[in-house]
Amino acid sequence: EDKRMRPLRLRKKIYEFFTAPITKFWADSIAYILFLLMFTYTVLVKMDLTPSWPEIYSICYILTFLCEKIREIITSEPVAIRHKFSVWAWNMWNTYDAGFIIFFLVGLTLRLRASSMDVGRVIYCVDIIYWYLRILNILGVNKYLGPLVTMMGKMVKNMIYFVVLLLVVLMSFGVARQAILYPDEDASWSLIREVF
């Protein structure tokens, strides 16, 4: 019996389009880029005591992201909360996300007070570094950039050993140079900077 495939109705087409994994991925990626643009604008321009619209968007995005992380923990496989959390925290990006969400919220709390607004702004500035680095997680699914991101991660781990060796050489010659050129220096924290 020959069954002909009937075309999908418009409503079903729209549903299938918006529930497709590729659509979700691109929607998430575009929303993330928009968040980065808004957060970048927030940290680059003068900050008033009342949050600007780009900052409000950034706050809403982070709070929504926090809700998503909580949902991920709750819907994970294990039954016990402790096991759910340990399964969720096994992925390093989840752990970093949680830490930098908390860091953002601390910055927001300090930023909303006039006495500590500058400290909150500095926390925002440090926090945005992570959110830019998180693009590496998105790029990991790209067939061209994904392997490069993985290789870069392994390379950084191996490079730490070379940095330690370089630091030993720099410290030894830096201390000797500083001691010979400036033998009568008083004790201060700036001496550490002068060694390098």
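Cβ atoms here come from the backbone N, Cα and C positions, even for glycine.
Taken verbatim from TrEMBL:
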type	residues	note
DOMAIN	32-181	domain 'Ion transport'
TRANSMEM	21-44	transmembrane segment
TRANSMEM	93-110	transmembrane segment
TRANSMEM	159-176	transmembrane segment
Residue numbers, six or more beyond the limits of the transmembrane segment (159-176), whose CB comes under 8 Å of its CB atoms: 195-196
The domain 'Ion transport' (32-181), counted residue by residue under DSSP: helix, strand, coil: 126 helix, 0 strand, 24 coil
